[in-house]
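According to Swiss-Prot, the feature anthranilate 1 binding site maps to Gly82, Asn113. According to Swiss-Prot, the 5-phospho-alpha-D-ribose 1-diphosphate binding site annotation covers Gly82, 85-86, Thr90, 92-95, 110-118, Thr122. The annotation Mg(2+) 1 binding site is assigned in Swiss-Prot to Ser94, Glu227 on the grounds of sequence analysis. Marked as anthranilate 2 binding site by Swiss-Prot: Arg168. According to Swiss-Prot, the feature Mg(2+) 2 binding site maps to Asp226, Glu227.
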Amino acid sequence: MSDAFKPLLSRLADGATLSDDDADAFFSACLRGEPTPAQVGAALTAMRMRGETLGEIAACARAMRRAAIHLEPPFPTIDVCGTGGDGLHTLNISTAVGFVAAGGGLKVAKHGNRAMSSKSGTADVLGELGVNIAAPPEKQLQALDEAGICFLFAPAHHSAMRHVSPIRAELGFRTIFNLLGPLTNPAGAQRQVVGVFAERWVKPLAQALGMLGSEKAWVVHGAGLDELTTTGETSVAEFSDGKVRLFTITPEAVGLRRAALADITGGSPAENAQALRRLLAGETGAYRDIVALNAAAAFLVADKVETLREGVELAGRVLDEGRAQAALERLVEITAP
């Protein structure tokens, strides 16, 4: 069976790009464990050295979506997540944003994993907060409905990745799969705020989300962070109405102070969980500001507000009124084993 992939690998080695059909077929085969580890590693390496194309990214995402264990909520959802890999070890921003967005009335299907290159991934800090990250689908749906947020643990929903995960770990460098977490939400979130680890991926991932059927999405990179940032300027690609629009955002433009990276640097999962608890309890400062900015983007993408500044103000009210904290508490209650 593995001999069937040799012609494709030869083309990749010569620098060719894969057609949509070839890419879809190859990645689907990878998720079934058909190519040998050496063949998967060779393909990933060739694509990384040449530069992954938009078609290859979309095809790989489609293959992952088909192989996923899906959650099917009866209402529209939004996801707020990043690719990770920025290497800056910040506090958990998108995790906190999920609770603020839920407290503001959105239904947040938060897709995430344990830390890969950071010290504290979404799953790590949620575990410290008392959330059962292994909650069954019926509990996830209940949490979405009643708490406004659920957590979709990537390994549980993308079990087919077990065929490629050891290969990725052995390679030790970024591959196309590092871009795919935000493109493969198991609940089929049609609206998203996606952070990417490098600015060059802002526009391509927005285009990919459009190809994959998103209604509206922001793909962002902020001064080295896979988030909107208060430490500098954020580059944004908005997909909406079938088009991609590029623009930049500064914190001052929405009434926020510029911060230093040191002000939002995190630590262990336990330390980041404590910081998140203090934030939800009303603590002000740089962490609150960057969370409010990212939550504002979620509110805007979900058409909850008309401007980013209005979104920042709504995020502040949600935090001050304890609604984000209530979302966390209800999520913990519902997912308890």
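Placement of Cβ uses the backbone N, Cα and C atoms for every residue, glycine included.
In the three-state DSSP assignment, the secondary structure recorded for Asn113 (anthranilate 1 binding site) is coil.
In the three-state DSSP scheme, Asp226 (Mg(2+) 2 binding site) is classed as coil. Separating the Cα atoms of His111 (5-phospho-alpha-D-ribose 1-diphosphate binding site) and Glu227 (Mg(2+) 1 binding site) is a whole-number distance of 15 Å. With Gly82 (anthranilate 1 binding site) as the anchor, the candidate binding-site residues are Thr90, Arg114, Arg168, Glu227, and the one with the nearest CA is Glu227. The Cβ neighbour count for Asn113 (anthranilate 1 binding site), using a 10 Å radius and every protein chain shown, is 19.
Only Ser94, from the binding-site residues Ser94, Asn113, Arg114, Arg168, place their Cα within 10 Å of the Cα belonging to Glu227 (Mg(2+) 1 binding site). According to its DSSP assignment, Ser94 (5-phospho-alpha-D-ribose 1-diphosphate binding site) is helical.
Each of the binding-site residues Thr90, Ser94 was scored by the other Cβ atoms within 10 Å of its Cβ; the lowest score goes to Thr90. Between the CA atoms of the residue listed as 'anthranilate 2 binding site' and Asn113 (anthranilate 1 binding site) there is a gap of 15 Å, rounded to the nearest whole number. Ranked by CA distance from Asn113 (anthranilate 1 binding site), the binding-site residues Thr90, Ser94, Asp226 have Ser94 at the top as the closest. In this structure, the residue listed as 'anthranilate 2 binding site' is part of a helix by DSSP.
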